[in-house]
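Notes follow the structure.
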Amino acid sequence: MPKVALLNQTGTQVGDIELADAVFGIEPNEAVVYDAIVMQQASRRQGTHDTKGRSEVRGGGRKPWKQKGTGRARQGSIRSPQWVGGGTVFGPTPRSYAYKLPKKVRRLALRSALSSKVANNEFIVLEGLTIDAPKTKDMISVFAALSIERKVLVVTADYNETVVLSTRNIPGVTVVDAAGVNVLDLVAHDKVIFTKDAVARVEEVLA
């Protein structure tokens, strides 16, 4: 079982915490992690692109010149695709790019990302995270005590509005609850901070 230090908000070690092997101690599967990231990014695409076909472009109802006798190539509409200003052939239309990998694959990707963070010493567990009032400087003090200077993902057991409001003005900081942990956020941040209760929630679902 992987064991990591259990810290308080001042950065002092108050004990150790053993993490579930099945969640935090597996051999990371990079291919599955990649597939999960592509799935998430595809789901975030707007898909609002649109082009007009020959039936949608304004004009072109009249035949530009008679069929025979001009010596020119026959044409039926100035909005045919070969004309400048004509319709687009097989152009993009609004669509959803979202798709879902099988649940087992998604969970394997999440376990792989978590295990990778633990193996690379990028995983921090706090005994608790309590902020009395929404104050950015209080969260900055916590990060300073934990020697965190770069992008960090904070995971709480439940939605914590005070923590969310205290971090929203700090660049590179993302806060999610245990149910919202995802592969893209884990990979995109240099450090991950879990509260002790959040670890228990994640293990309950993924173990």
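Even glycines carry a Cβ here, placed using N, Cα and C.
Feature list (source: Swiss-Prot):
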type: REGION; residues: 43-85; note: region 'Disordered'
type: COMPBIAS; residues: 47-59; note: compositional bias 'Basic and acidic residues'
type: COMPBIAS; residues: 60-71; note: compositional bias 'Basic residues'
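Counting only same-chain residues 6+ beyond the ends of the compositional bias 'Basic residues' (60-71), those with a CB under 8 A from a CB of the stretch are 54, 77-80, 86.
Residue counts of the region 'Disordered' (43-85) by helix, strand and coil are 1 helix, 0 strand, 42 coil (DSSP-based).
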